[in-house]
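TrEMBL lists 20-38, 59-89, 95-114, 121-139, 203-232, 252-278, 313-340, 346-363, 370-388 with the feature transmembrane segment. The region 'Disordered' annotation in TrEMBL covers 502-522.
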Amino acid sequence: MAQQSMCIFPGFGLAWAQAPFGYALSLVLGGLFFAKPMRSRGYVTMLDPFQQLYGKRMGGLLFIPALMGEIFWSAAILSALGATLSVIIDIDINMSVVISALIAIFYTLVGGLYSVAYTDVVQLFCIFIGLWVSVPFALSNPAVSDIGVTAVKQLFANQTAWLGKIENNDKWMWADNFCLLMLGGIPWQVYFQRVLSASSATYAQVLSFLAAFGCIIMAIPSVLIGAIGASTDWNQTSYGPIPPMQKDQSDMILPIVLQHLCPSYISFFGLGAVSAAVMSSADSSILSASSMFARNIYQLAFRQTASDREIVWVMRITIFVFGALATAMALLSGTVYGLWYLSSDLVYVIIFPQLISVLFIRGTNTYGSIAGYIFGLILRIGGGEPYLKLPPFIYYPWWTIEEKVHHVTHEVEYLVMQRFPFKTISMLASFLSNVAFSYLFKYLFESGTLSAKYDFLDAVVAKHSAEIMDKTTLVNRNIIGLNEMASVKPRLSVTLAAAFSRKETLTEEDDSSPESPSHDNE
């Protein structure tokens, strides 16, 4: 629904509908560089390598942006389904969001990973067929003009060409947002949940590439529906003479097209398709957040002796809690596309540079990780966030104040727009500060400039402390090099294998993979 709404936003259009292309590229990059290292080492969640190298406290800090990403993502999904239900069934949008959330929570409790995985295939097939069935009916409606003409020419008042364009002063902001989606779409538990449960590292890569292709294919009918919405003379429909963007209803263009340009039975068919897709994504996202909390926070940080039954109950409780948080965000936020961007924001600025460091940079430690976390967070929050009504306290170059008029209430709102690519700058600052402070503290402690007693995080001197749980692998060999895109044989201690690894993974790698060359040098 997000890319459809961008197609009809005046001054934006398809050129700003970055989500499907950005996330498709993120799946390709994930498959090329991250799927095999993560899967080969037999991790259970995305946070495992962070806790293994940086300790349980840092793992808890990194859980916060990961959780926020999942909450924003779930809220965007629930908001999309709520908008659809409110238009087609004609119920209050807040009520529809609450109903959607209850369905998602119940579905997640009853399902689990196996149920989620199997139903995803059916649900994605339903959304693809449902949208494609509605496209011919909407295109053939007499009120719809030729979308080839409206792509580059404005035919109706207040409705610009749906292809859109990128102004010169917006190019850096466009690039910043695209990098956010492309790179910020990688470090997600909902993605690594599939990667780490794959039968092999190679199969995990193949799944990533297939998902990238499917992401583009699935976006085609959505873009067409957005183009149809921008090519419609709404005065000839039951919707009324005022187009959706003049009623601040651009986010609901999908259900509006289904309701007013398609027969009623097609509308309900499309509603079922959207509902299936939303349930598929919502249950995965909420389950991902609850699984990270239950394993990396509750079990590994507080209750190492917790039984499987206890962990299951913790997951059930957190499913309710995280579902409620996502529902609240969906009710408070004003735009689906804003939530879509926000879902990758904190993940991009904080977790992505940390993941690069923990996998590919030799010598990073907890001190650098904390510094990178703080630098990235301050620089990102300092830029403000209009969608959360968070004012900036750092005014980057090229900032402007724009006037936003709410067409329904006629209220005028003034927003600070940061045209400087400050999100990418925040990410790079987080990465560089991680590396710089890691090497700084490593030098200070190893050279004797600072006494070993000041290594209170046990990150440099105390290499085998209980706090880091088991650092024998990643302290002596701090990276997974790019040459390990081939199969590797992990060398894991008994403690690490019990805490982080699945036995079938180790058996598979022992049978099929040679010893990494870097091990021979140790």
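Cβ coordinates come from backbone N, Cα and C, glycine included.
TrEMBL annotations: computationally assigned, not manually curated.
Since this is a predicted model, take the numbers as computed values, not measurements.
Pairs of Cβ atoms less than 8 Å apart link the transmembrane segment (59-89) most often to 252-278, out of 95-114, 203-232, 252-278. Beyond the transmembrane segment (203-232), the same-chain residues lying 6 or more positions past its ends with a Cβ under 8 Å from any Cβ of the stretch are 1, 3-8, 13-14, 17, 20-21, 23-25, 27-28, 30-32, 35-36, 38-39, 124, 127-128, 131-132, 134-135, 138-139, 141, 143-147, 149-151, 155-156, 159-162, 194-196, 243-244, 253-254, 256-257, 261. Note: the stretches the transmembrane segment (346-363) and the transmembrane segment (370-388) are in contact (3+ CB pairs below 8 A, sequence gap of 6 or more).
With a threshold of 8 Å between CB atoms, the same-chain residues lying at least 6 positions outside the transmembrane segment (252-278) that come near it are 1, 4-5, 7-8, 77-78, 80-81, 83-89, 100, 104, 122-124, 126-131, 133-134, 137-138, 141, 143-144, 222, 225-226, 228-229, 232, 234, 237-239, 244. Taking Cβ pairs closer than 8 Å, the transmembrane segment (121-139) reaches residues 147, 214, 217-218, 221-222, 224-225, 228, 257-258, 261-263, 266-267, 269-270, 272-274, 276-277, 279-280 in its own chain, all 6 or more past its ends.
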